[in-house]
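Per TrEMBL, the features are as follows:
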| type | residues | note |
| --- | --- | --- |
| SIGNAL | 1-17 | signal peptide |
| DOMAIN | 68-115 | domain 'FTP' |
| DOMAIN | 453-576 | domain 'Peptidase M4' |
| ACT_SITE | 570 | active site |
| DOMAIN | 580-743 | domain 'Peptidase M4 C-terminal' |
| ACT_SITE | 654 | active site, proton donor |
| DOMAIN | 930-1067 | domain 'DUF6923' |
| DOMAIN | 1098-1170 | domain 'Secretion system C-terminal sorting' |
């Protein structure tokens, strides 16, 4: 979708806060054409506080109280500016893939940009469970094996089935997303989002499942492809120096053991806590943990040594384990006498362990049965003692170990299982204290358990946040990966080469980001950089999975994908993921890939200097060229030659990335030529250092998850202005480089944009007018004066043009309104003329068209049918149908007649809503009606008593009562009718009938949806039901591709009698206007339950019309017609009548055109309606 930007100077209306009243007076605002929430707001002068800005922002752009914002990150740049990212929430649910970014100086907002959605009306109540959604997600992925599974799957799933909450891994987040569609409010759907990591075949996706229907919505790939000095050989750069470790420490995985003041033992300082503080009520643990807290080595010098500590814990309770185990998750204490090479459980604590064999340690982590530990809960702090006298004279380490299995953790249960807390750890021998720790980091090492192999030196380092490179030995199990080891710090074997190359590439990437951009690791938090090399056999790829890098060895395992540019490319995905968070799909995914190419190339130039080039992956077989994308079949112009618009490759992320790649090359090196749009360009190069600084600042400070190419242009313009100023060569070069690749907006110079290009207005004659809007914006930097705006023929009403002439400075916008009020059925045209001047006087023309329509009502006594493809047909007394026109929709359902207007209505299903459309009874043309914010409605019927609509949800069976004017609805209750294709209401009894997909006829109570089954209809494939005005029931039947058959139905027995063949294929809807000419017995002998006066049919009329009414009891009746002045024209009925339904014809041959009234009066009822006589 093309997302053009309008630039608008807004003077705000009153805002309650004093500061907010002037907040937008001199704000520069860039507004997208679609939607009214700005893409960017700048405050060149008076800058508001964050609170004042958010209050005014919410009020001005109608975000309402149901939208809220939560800060997800904040960072300060080298200039001291703060950049705060906000996620949007609607009714407490996160709106995925949209963010707004506040840029602040000294706590005041000077610029804000991003994407926020206004007008959200998406239902937020799920109709399916997380478990049902997960089943759909796993079906969509279709993998053979997942990372959370283990060999004992039967015991695992037995355990899950015994869990009352039904939770299982992975857990799903309930949120709102537009899926693969443009992020707009009308596209949002309520989904469960699952992070699904498959092992065979390898994949990792966020999978979105509709939380109301169970449908797959979208899959976003998370596999984003692509201490001392040692030396090693590489396949590509010869022998290089790398940093290695002479110890098993540091650990590549950060432990969740940490000092914390949460519920501490002595309420004074910290206690050690094994927990992720983001989980559960106040913190807790996740699945598949093996977390260890080790003491530093110390000597047990006495003969009666004792370990003492205080602890408390809350984890999964035992119960239902497979044979050999009596506990699930748990914890124990261990000791090592060989400096951590091996560990033994200390088996006799006081108080004793509560489980003798924990599944988590024993099966899940491979230690076998008989591993004891504490399980379940003991929430009170209490002391533990363990005798260590057997270890007298030895140097030991003590370990506090916690392990969990694949399910029923705090993360799954979202409860208050807080994990394990330990404090006041001491080892004493008599009066001597051999070791002591009270929640301090000194003397303790917290990490995750690892499997180690022998060797003096490893490809690990503690600096640079921690760099770790592991050997997968051409397997696919990360748990089985081992260190690259050497006895002498030289890594020279053939197997070592790929590991050394990856280790070297990641070191250089870290150094580049730290030295050039002052970024500490991929997340700017100093997180470890972990690489897995020798992945699988013949695997020609490398990828970042959101946590670490994985590299294959290429075809024939001979070309490891561990070159510098590939290593930097993959790590740059981590930079993108922890800053802008660009989703890996469509244009955001293409930008994601491009930024990785950009920084991969920048790192290559940083490391190799003159030996670097503009090819991606050239050492293993070139993937892409940044200087000449078309050389490898990629586009160099936005939506030009080679641009990919399909769904493969996550929407062409590796192809369409080439457009920004070419932009970066031109910005760095310069160049001239013409693009696919025929536009000539000449870009001055500014060098790779400046170009990369602009790209980095744009990515990390101005882009957000759903950013498009237009946002990338805007972000880099902002970055260039921040770094070098508007008058700089770099600023101009950024703009010209984007023009060179066909990304043109926002513009520079002088330019007037009038939107839309043409305007079409639609008005229902004698019912409503239509108002259209035209925006005249200066999207260039130079001022323009709009001197005059007028209509050539004057066929429309032009509003808001009385302020002209008006000078439009960048980025002002003038908004005009045009009103069309029909004078008759038909079409009129006009031309809007806009006269303006920049350097020369100019004129812009916009065509305006107004179409007036009238929806003809149904004819008394006529049977109407509707085909699924929109064909409207009328049915004669033999049952044969004749098409009168087409509604213009590919898919429609149902057909019913409004009891007051006589207009035909049908249902047009939408993804997340239902549109009620009106159909002209004479020609079959359709016109829009109300939209119901509820989907999967196919069967519906008007209630003759009050003109409300009743409809059944096809799958959930909920009965809705709908206001046909507004589309508002209430849920009456849940019926027993599943997959109903048709329903109808008897005008005499008021009873609601419906049929299911098995042709069973039901009666549904309109007050609570309680249901009574009548019987199976003796005809098959019933598509719709309809009552005539006398209470006779008809049905339309026929399978897909078959012609529709018309039946008479006895509503008491469900017996069907064939009337005839309509000869219309795929007939889907049936409606009857008044009494039919088809002879059949009255469906029910019951009399009307209420008094009623119906709208006359037809209306408008000439020269006669029929007035219908119901009497629930015998009574005196008067039916009188009056003119518009209240003068009596004619008395149609004046006397006593029995209970029943009546139709009285009124002949107005002798009367003039105009509005008339008719009134029904009895002792217990009176009502007046209007009718229109047109000559």
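Just so you know, glycine gets a Cβ as well, placed from its N, Cα and C.
Caution: TrEMBL annotation is automatic and unverified by curators.
Of the candidate ranges 68-115, 453-576, 580-743, 1098-1170, 1098-1170 has the most C-beta pairs within less than 8 angstroms of the domain 'DUF6923' (930-1067).
Other C-beta atoms found within 10 angstroms of the C-beta of residue 654 (active site, proton donor) number 20, with every protein chain shown included. Across the domain 'Peptidase M4' (453-576), DSSP classifies residues as 43 helix, 29 strand, 52 coil. Around the Cβ of residue 570 (active site), 30 further Cβ atoms fall within 10 Å across all displayed protein chains. DSSP places the residues of the domain 'DUF6923' (930-1067) in helix, strand and coil in these numbers: 0 helix, 72 strand, 66 coil.
Secondary structure of the domain 'Secretion system C-terminal sorting' (1098-1170) per DSSP, as helix, strand and coil residue counts: 0 helix, 49 strand, 24 coil. The two recorded residues residue 654 (active site, proton donor) and the residue listed as 'active site' have their Cα atoms spaced 13 Å from each other.
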